[in-house]
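Annotation source TrEMBL lists domain 'RING-type' at 1012-1049. Among the features that TrEMBL reports, domain 'Death' is placed at 1093-1178. Residues annotated as repeat 'ANK' in TrEMBL: 35-67, 240-272, 345-368, 413-446, 517-541, 551-574, 585-618, 619-651, 652-684, 689-712, 825-858, 859-892 (among others).
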Amino acid sequence: MDVDKIISKIQNGDFKDVKRFIKKNPDQVNNRNSKGVTVLMVACEQGNKELITLLTESGADLNISDEDKKWTALHYAVEKHKTDVVAFLVSSGANVNKQDSGGNTPLHLAVKKNYEDVVKVLLNSKENNNLQVNQQNELGWTALHFACRYGSKDVVELLLKHKDTDVKAETKQGSTPLQLASAHRHKEVVDFLQQQNGINANKVDEEGDTPLHLAVQNHRTDSVAFLVSSGANVNKQDSWGDTPLHLAVWNNYEDVVKVLLNSKENNNLQVNQKNNFSATALHVACQYGSKDVVELLLQHKDTDVKAVMEDGSTALHLACRYGSKDVVELLLQHKDTDVKAVMEDGSTALHLACRYGSKDVVELLLQHKDTDVKAVMEDGSTALHLACRYRSKDVVELLLQHKDTDVNAVTNHGYTPLHLASSHGRTEVVDFLLKQKGMDVNKVNLKGDTPLHLAVQKHKIDVVAFLVSSGGNVNKQDSGGNTPLHLAVKNKYEDVVKVLLNSKENNNLQVNQQNELGWTALHFACRYGSKDVVELLLQQNGTDVKAVMEDGWTALHLACRYGSKDVVELLLQHKDTDVNAVTNHGYTPLHLASSHGRTEVVDFLLKQKGMDVNKVNLKGDTPLHLAVRNHKTDVVAFLVSSGANVNKQDSFGNTPLHWAVGNNYEDVVKVLLNSKENNNLQVNQKNKLGSTALHDACRYGRKDVVELLLKHKDTDVNAVENKGWTALHLACRNGSKDVVELLLQQNGTDVKAVMENGWTALHVACRYGSKDVVELLLQDKDTDVKAVKEDGQTALHLACRNGSKDVVELLLQQNGTDVNAVTKQGNTPLHLASTRERTEVVELLLKQKGIDINKVNLEGDTPLHLAVRNQHYDVVASMLAQDSVKLDIENDDKRTPLLEAVYAAHIGIVHEIITCGAKMNAVDKDGNNCLHIAAEKEEFHSEVKRIPILDECCRELQLDKDRRLSEIVVLSYLASHGASLYHRNDEKVTPLDCIENQHLKEKLKTFLQSLCWWCQEKKATVTLHPCRHTICCQNCCSQMTFKQCPICRQHIRSISGFVCPKSEEKAVQTVAESVECPKCKEKVESFESVMVEEKHLHRVSQKLAGKWQPLGRELGIRQYELDNIKENNPLNVEEQGFQMLLRWWRGNDPEKRTLQILKAALERTECQDALECLSSEFN
């Protein structure tokens, strides 16, 4: 039987089968269902004690939890109020402190459910000495918190009898049991808790509320009284800064206010304490309270009626803003009330009453002797301004009855009360003001607006009528020169226009008055208005239909630009309307209608007598030009059919066809080419640049347009622009294969045509075009692949410069393409590709038979020079991989590629060139070697691949690795490869002289051969034997005699590295103590070994095997140099040995490349095979 079946039987009351099963299968007593529920849990829920006993005796786990709520059997028993089961489980060892998924213990559940008997069992059983009565759930609630929250005094008493219960415990939100009881109005619990030792009546929760705050908020007057009498702090502020008094006043709890104000314990009540908004209780009362609460506060001896908030508001201000007449009256009766007090913006109580209050409040204030009716706010507003802006006629009437009220007072912006009343449509107020003696109806504000201007702008038609009938000046202009009529027309207020035009008072209305820009009312009507407004204006006597604006526009211009045909028709019915009138820029009404696509207007204008359809503006545009340019196809058709000149040129020489083609308006092109009226169309007409329409179409790659033009019988496909461009040239530049193909299919297209600079179509295609275009041209039999530009460039030069490998490949496949062709500057295609870093093109060229990689241009530069100078690493690498490349070739400045690389400070390229064996001591035209140049650089850059030798140089110079590309490190790197730090340039300066840091200069000398001990100028080349110390130069050696070494004092048997100063002939090796020169026959104290040549190194390296590194160290090569050699040749041991020997051979002067030195090193490293090989070479 599975667990779910057993549970089902228990829930259905079928206990017999269950008991039988348990007795038979006690090992399954703790089995669970899918929710983790055991049989014991369900039994406890049902309360069958007999079954529970059987399960317990059969080994049921009392403390196992389900999966959902994490309840144990005890939780289930408590939840279902099975008191006897709870007692049994507890006595049987159930864990009373076990927490569920919410952190609740059985005690939490019992208290929350108010099961007093279960609570007693849990608290009092003998087994519960370990009960954790203060255990908290996930929200930090203890059992006592639950008891206080739900108001069970008896349960609270039970819990507090337990010796460990913490009456001050706090939830995670900081609430104590007392606060929870206060918040939920459980007076008896609050009273009981207050009597407990250690209770803190002033403890605050997360919101800053004390129990007293909570009791006040919940209107628990008795609790408030009890807490106050128990010493609760009545001045404590919550997180908003509110005291209990603030809260009582805010909620209008008059009885609570009385408790707080009148209790004997409240001698220290701070009645004027301010909250975070700087409001006292009186401020709050005047804003939200009743007369009775205000009266209570005013009766308190310490209440400050003059206290101000941050914005300067007093209680009186707030009462006038929010309160009733009664509250204001109370405040005015108080001796300390200041009726003149002003807020930060200058508002007095009267201002606020007029802005927000009632007539009764205003009346009260005006009866007060100190009320100043003329007081102004910061913006200059008086009480009358505010009343006219916001309130009723009654308030205005009250104010105007006061003798000091100024009906024409102005604000800082020049507004009178009448301005404000008119602007906001206060009709009754306006009517009342206009009846006042001395009222100035035409007073203007700082913008020049009269009340009439404002009433018109705000569309207050009744006010407009009042003002006009009361003498409002209908011709008065504002700061922009606009009259009320201008404004009414501009805003399309037809009803206002009628009032202004038709009133009896308007006999003097100046209907043609112009504003600062020259606009009349008619201009505005045509720009913004409707036909009806225009008609109204035209009906007025004297309306000037020819009046022009500042820019020369008439009403007809505006109507054609913005209006409808109806408005245009109305204007043209007027006898004075000029249909050909021009603006300051030469635009006629037809220009404007055509430009903006007003088809009906254009049609109507073209029917007018005397209409000039070909009139030009100052830019030379006809209406047709503008219609084409703005893609108004229907208008174009109308104009063409009405005789518009299709060949007319604008100031740039463009015809309408030029514009249509240039903008790719295919439909317009068709209209221009195909209309019956266009038999005289000059399709090949040129603009000022010499371009025809076909040129423009090809320039922008308009295939469909090109096709249309080529179908025209007169189109000249070979017409040339001012600089010799044909349509084919332009199509090739654009790279449009389709257009080029169309042109090549035309009979007579000249593929050989050349521009002024000698460019053919192929040149242009190779410089700008695509592979497809080049391919098309090469298929044409007339295309000349060898044609040269004015500067000598072939198509191949341009393709290489542009960098298209596909195009270069195509050209190289053609017969006659010269890969070594030179321009007038001597540059080959390889030169140009190298200059522009066209790596793929360079590699393609280098594969060509007969390519001259070392070709020099007129400045002596090879392609390698240019690639190095322009720092194109990949190009340089490709060239260095060629066996035929000359590393040490000099240009006109005597710079080798290595010197160029150092000048460019590109360490990656420098390293590649040196690795390939470049001459280290080459000098430029000023005698500078690579070290002179490097010394002038602050830092090198672009280490493409890490160069380990630089790290070694840093170590030897004791510099951080972040200095690895500094000039001093690069100097040491170059010196380690044999560059001379003692070489003097033409100014007799050595590289060492260029180094300012003396400490680094000394360290750098570790990379050098020793100087002569005596002269300290030349390198020491003479070596003493057998001690092998190199101590002096040849010159000093010829002038003195050595018997012992000045360093180690050993007796000298022989010397090496000496040449006879007279004959400059090298002495022959011998073991004798002296030799004679074969020419001068003089004996000298020296001998020299037979020289080893580079060809010998290959053979010796073949016999070294793995001993090349020990031999290298013996020959004086540093370990990092050996590591570098191994890194660059990782798999070839023979090549590693050869590169080591070559490094030794190139890094020493000839007198040190001797057979004797090499043989001695081979002997010491036991390289027997190599030694025998070397001996056989010299036998």
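Keep in mind that glycine also has a Cβ here, set from the backbone N, Cα and C atoms.
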By Cβ distance under 8 Å, which residues at least 6 away from the ends of the repeat 'ANK' (585-618) in the same chain are close to it? 551-552, 554, 556-557, 559-561, 563-565, 568-569, 572, 579, 624, 626-627, 629-630, 632, 634-635, 638-639, 642-645, 648, 650
State the non-local partners of the repeat 'ANK' (35-67) in its own chain: residues 6+ outside its ends, Cβ under 8 Å from one of its Cβ atoms. 3, 6-7, 10-11, 13, 15, 18-19, 22-23, 26, 29, 73-74, 76-77, 79-80, 82, 84-85, 88-89, 92-95, 98, 100
State the mean pLDDT for the repeat 'ANK' (413-446). 96
Who are the chain neighbours of the repeat 'ANK' (825-858) in space, where the CB to CB distance is under 8 Å and they lie at least 6 residues beyond its ends? 791-792, 794, 796-797, 799-801, 803-805, 808-809, 812, 819, 864, 866-867, 870, 872, 874-875, 878-879, 882, 884-886, 889, 891
